[in-house]
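Everything on this sheet refers to the single structure shown next.
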There are 2 protein chains.
Amino acid sequence: MTRVLVLHSVGLLRSALMALLKAEESFDVFASGWCTARRQAECLRPDVCVVDLDCPGAATLLEREQDEPGAEARTRLVVLATAGRPGALRKAFEARALGYVDKDGSPRRLVRAIRQAAEGERFVDESLAFCFLEASRVPLTAREMSVLARAAEGESIAEIARGLHLSNGTVRNYMASATRKVGARNRIDAIRISQRAGWV
Amino acid sequence: MTRVLVLHSVGLLRSALMALLKAEESFDVFASGWCTARRQAECLRPDVCVVDLDCPGAATLLEREQDEPGAEARTRLVVLATAGRPGALRKAFEARALGYVDKDGSPRRLVRAIRQAAEGERFVDESLAFCFLEASRVPLTAREMSVLARAAEGESIAEIARGLHLSNGTVRNYMASATRKVGARNRIDAIRISQRAGWV
């Protein structure tokens, strides 16, 4: 039996994904939201953990995973990804996820990805291949990303400057370079483009 | 048998919701994305249609539904809603949806909502009650909403003015009043707050 833990922030979709995977007789399926994710993982010791990259908590979980030592003991990650969000895909790659399943694909692909990940093998949906190429080239620097992320939360230039210990002029420069680099028309456009791509 | 059509933009989640509902023996379940939604509804003649309000295409579908005449012949709508998005809830209400299910609730609630809607009865999850209260008071005028929606897509003041046949000054005024009304600190914050609430 393969022990599978499904992590999703939305209760109903979590139950639905569970129902989908329970149809596989060789899977023992559990589900959890983000708050209890760590405790559940420790307690259940799943073979494979399925994470939806579009959930608000996914980025934090993947960052934590990235810092975990010991490649052997860790749970194998299978991520559900949306094509066109290279930033999210990159975060999953950096957290050493094994399976990459296109959310717009067939459920059979997810089942196959879980089986392969349980064996320690990689699985990548071909529809995500182009997105990986885009993910390999990060368009923004870490500073530009954090300036954009704060602006997206409604912070003013002065607030961002205080928060990051920079001058207002430097923040404005980061904003301008980020806007130029993602091919945006203005700041709001830069935030929109970067959020859709999953960089911010 | 109750014929249920699940509408969702994400293939895998569509299949997962289908798997969840198929466990009910009295349901005959089908699923579709947005492109084929109308054709599927005409061809399958479902008793109940389940729509996730957080899908990008949901608003357009609900608007179209609103204009349909004949309350008798129409498919009964059950919507999956996220608490804290009164704007989305209001659009569902205006499209005369019968069932309102909290996406963070138990799958049993969804099953009950579908059963009640099939009988022509209303179903509202109590966790959405406060959200209904908020939805009863639209904070923005139609003009303010369309200005914000265009700004959110990255249009400049001049572009919005041209698109809506207004002067630049009038667009700036709408922006300022919208920002004040939603309690935002600046334009980006106003867009963020309005999008999260589902008004834009």
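Glycine is no exception: its Cβ is also placed from the backbone N, Cα and C atoms.
According to TrEMBL:
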type	residues	note
DOMAIN	A:3-118	domain 'Response regulatory'
MOD_RES	A:ASP52	4-aspartylphosphate
DOMAIN	A:133-198	domain 'HTH luxR-type'
Practice task
Return the residues near the residue listed as '4-aspartylphosphate', defined as same-chain residues 6+ apart in sequence whose C-beta is under 8 angstroms from its C-beta, sorted by sequence, else 'none'.
Solution key: A:LEU7, A:HIS8, A:SER9, A:LEU13, A:ALA58, A:VAL79, A:LEU80, A:LYS103
Handout entry: Secondary structure composition of the domain 'Response regulatory' (A:3-118) [DSSP: H/G/I, E/B, coil]
Key = 51 helix, 26 strand, 39 coil
Fill in the blank from the handout: Reduced to three DSSP states, the domain 'HTH luxR-type' (A:133-198) has 47 helix, 0 strand, 19 coil
